[in-house]
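A.B. asks: Pulled these features from TrEMBL for this protein:
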- 77: active site, proton acceptor (ACT_SITE)
- 78, 81, 83, 85, 87, 96: Ca(2+) 1 binding site (BINDING)
- 168: substrate binding site (BINDING)
- 198: heme b binding site (BINDING)
- 199, 250, 258: Ca(2+) 2 binding site (BINDING)
- 46-122: disulfide bond (DISULFID)
- 79-84: disulfide bond (DISULFID)
- 128-329: disulfide bond (DISULFID)
- 205-237: disulfide bond (DISULFID)
- 36-333: domain 'Plant heme peroxidase family profile' (DOMAIN)
- 1-23: signal peptide (SIGNAL)
- 73: site 'Transition state stabilizer' (SITE)
């Protein structure tokens, strides 16, 4: 009899341990070490995650269309600094949000609202990093772009430092852009395709007007710019005007996600030097031509953009003990 009770005790103990391990595995805040994001990660634990994020992003884009390119740009800035871990969302002194390139980011309220709604429906399950990744996809779709399936399962980072924010710059040469993207496991096709995201959004006049008035100290506009384009930008960004005023990155089509911007690169009618020089490099020019259908084999911009966004969204993701699920996106737990 005693032996039977001992065996029963061992069996019950074993079953309790199995149940505990299973519960831990199903928890949103305990991802397996090294586990990569995947499509459908949340399953029944947060069935409505995508529809909730989409509804919130739609509301914010409808109320302010600038939120669409703002959220897309925010995701890029997040992924290029410590990986796609939502660290750009953290508020406070000397965080990434306070760094120069991030001070004009938009859309923080949309991400925080989506987080609040998700915490009410499935608390402690969905990371801010995943919310931002989904929101970037939705921003593209809401401006007429093609959607893509988003792998999920990232954790939120615990470190956010302004000193870490070193991003590709608006005056970078092509070779530097290639090196910066390669350092993040992105190739030249990814570079050109992701830069094509400049089809929506604007740039600050203070960032671009030097090229249109006093290029390299010459007192003249950059001679590589289409001459008919120069007065249009000069009128929008007067030499002594407000540096914070905005100018479209894709003249006449800044609210539509399409290939119009790449056509403007081809015709030298873009405001950023880093965009213009892509037409001067043989490798990047060929990619632009293929994305525009001017060279075979052609490439579908919408499909390639989605592919490159997925690759970017997997840069240095946090899993296991490397991260957490924040309760609010603007603060570390």
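Yeah, the Cβs are placed from backbone N, Cα and C, and that goes for glycine too.
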A.B. asks: Report the same-chain neighbours of the residue listed as 'substrate binding site': residues 6+ apart in sequence with Cβ closer than 8 Å to its Cβ, ordered by sequence.
C.D. replies: 80, 176, 177, 180, 181, 274
A.B. asks: Please report the distance from the Cα of residue 81 (Ca(2+) 1 binding site) to the Cα of residue 73 (site 'Transition state stabilizer'), rounded to the nearest angstrom.
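C.D. replies: Checking the Cα atoms of residue 81 (Ca(2+) 1 binding site) and residue 73 (site 'Transition state stabilizer') gives a distance of 13 Å.
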A.B. asks: Tally every other Cβ atom lying within 10 Å of the Cβ atom of residue 122 (disulfide bond).
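C.D. replies: Result for residue 122 (disulfide bond): 18 other Cβ atoms within 10 Å.
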A.B. asks: Hey, of 73, 78, 83, 96, which of those recorded positions are within 10 Å of residue 198 (heme b binding site), Cα to Cα?
C.D. replies: 73
A.B. asks: Of the recorded positions 78, 84, 85, which sits closest to residue 128 (disulfide bond) by Cα distance?
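C.D. replies: Spatially nearest to residue 128 (disulfide bond) by Cα position is 85.
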A.B. asks: Identify all same-chain residues not among 199, 250, 258 whose C-beta atom falls within 8 angstroms of the centroid of the Ca(2+) 2 site's C-beta atoms; report them in sequence order.
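C.D. replies: Counting only non-site residues, the set is 196, 198, 200, 253, 254, 256, 257, 259, 260, 261, 262.
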A.B. asks: So if I measure Cβ to Cβ from residue 329 (disulfide bond) and keep only same-chain residues at least 6 apart in sequence, which ones fall under 8 Å?
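C.D. replies: Expected: 86, 89, 90, 108, 111, 112, 115, 128, 131, 156.
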A.B. asks: Which recorded positions from the set 85, 87, 96, 199, 205, 250 come within 10 angstroms of residue 79 (disulfide bond), judged by C-alpha positions?
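C.D. replies: Correct set: 85, 87.
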A.B. asks: Name, in the order they occur in the sequence, the residues of the same chain whose CB lies under 8 A from the CB of residue 73 (site 'Transition state stabilizer') and which sit 6 or more residues away.
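C.D. replies: Result: 105, 106, 201.
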A.B. asks: Out of 83, 85, 96, 199, 205, point to the one nearest residue 46 (disulfide bond) in space (Cα versus Cα); all of them are recorded positions in the record.
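C.D. replies: Closest recorded candidate to residue 46 (disulfide bond) by Cα: 85.
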A.B. asks: A 10 Å Cβ contact count, applied to the disulfide-bonded residues 46, 128: which residue has the minimum?
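C.D. replies: Per-residue Cβ counts within 10 Å for the disulfide-bonded residues 46, 128 bottom out at 46.
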A.B. asks: About how far apart, in whole Å, are the alpha carbons (Cα) of residue 83 (Ca(2+) 1 binding site) and residue 199 (Ca(2+) 2 binding site)?
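C.D. replies: Roughly 24 Å, rounded to the nearest whole number.
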